[in-house]
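A quick write-up on the structure given underneath.
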């Protein structure tokens, strides 16, 4: 109806605009058949058209007129909301039909929910800003909600009498206060009797009020007791029905469990049967392969047997031919030997002897060939017997294999039949499970429906005004329990999240520490390798230095010996020279001894060179001796450094092992903490109390609301 009533036209902002506001009204009435109490309410569903700027939409003609009317009505609504937000004494409800209809929804006896629509585009920033300001002003409006009760004539009469009594007491109080004021103005005091009468009057009024209140409370108690008894009876019946349904549900659950167990057993049997079928199929394939091999072997044996038969026949023919030829030759020889026509000549004796020896050799050769042929024929006969026996064995194996193949085929057929039966049973059990699930859902729906009917009966048979406080208390208790549950769950969730975050941070720290330890381990390993290399170099250098020291000692000893020799030679040379000089001086005949002078000069030069070499060797020896403590000190420092690095590496390895062990323990604890407890979710879900909205009884329909509800949707530049 709304689609047909509203027109849709095109403009630049949106391709299908309804061009109108939509208001949908639902009147709700509730009547108590026992107390004749009536509750009324209205539900407005309002869909406002978006505000339109002509410069952006490009509207013309009727579309422009409709845009003007839409903007005018929205402007009137904004004026009303601004007046209500500012607390103005005059609110222009009558400026528009829409604001006049929605007068109760704006600052009246209602509960209003407003949804505004705005665009995130920068093109519509002005409209978005105005829409948000519109919603912000609308949030400041406070409505006053009261119960819309239509009283009966008797209730109006009781209320009138009560107000009349109240008015009478107020009038008496006013007259007494006026008299008291006049008396105080005149300077008269109050006697004790008057004070006592006044107090008695007050006490009598209070006693009357208390007695009336007690009577009302007694009446209410009787009504509540009757209601409680009826509700208890209904509760007992519903409890018995619920117990019956629960028993049926448990029975159906047991049936479902049995069916599922049977299904599992069938599935296991099905798997076993399928495995057996696969095994039998593999065995059948192996038997077929073996049968093929036996058949091929049998064909080869047949072919060999045929060949042997042909060979034996050929050998038999050959033997018979040879025997016949041999017999013919023997007959001819016998005829030739026993003939009377043969003349024995002495000349031909040698030739005859030769022919006879040749014939004897030929006969012996023929005998040996005959023996070999006989032996070969016996061998062929024995081999033929063996081949025939093997052929019979192969035929018996072939028949046995054929029998086994037929048995396996029959077994496969029976297994396939049983497999089909199992599948049919499985399908039937699945259908039964589906039917049982549907039955469980139907039973649960019936239980919920009966529970709703129970609460509806309570609402119909009970006095709503008397149950309001109980319902509010129940709502408050449910709300408090729900809030406590939510707060406890949130606290638990926060603690779990904090624990998870702490564990993640700890895990990250452990990972970083592990990475750092790995890097340090690599560095220490590299440093250890470097130090070991340096240590090896130092040991080699130390060995070289020791070798150099030993060589130096030998060189020193050699140099000392050479120096001693030089000193001895020098002493001898000086002695010889002085002796010769004395001889020359003493000699009367001084002759020119140039050769001796050259020899002396040569010896002196050699002596100078030897002294220089000696001095250089002494200096080198002193330098080497001064370097020895430094090298030893460096070597000791290097050894200590290597030992310290080895200790640090060992400590780092131990700390890494400890950290790894702690990390593994922490990870196991995290996994144990992250595992969901078996009954935690059920306990939490069972403890959460279902919230009950104010003004709505538990289990009742939202149509039985005691107050008005209004929903307004609008704002924005497009829909």
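Positions of Cβ are set from backbone N, Cα and C atoms, glycine also.
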Write down the single range among 622-670, 671-719 that appears in TrEMBL as region 'Disordered'.
671-719
Mean predicted confidence [pLDDT] for the coiled coil (207-294):
81
Looking only at the domain 'Kinesin motor' (1-141), what are its DSSP counts of helix, strand and coil residues?
59 helix, 27 strand, 55 coil
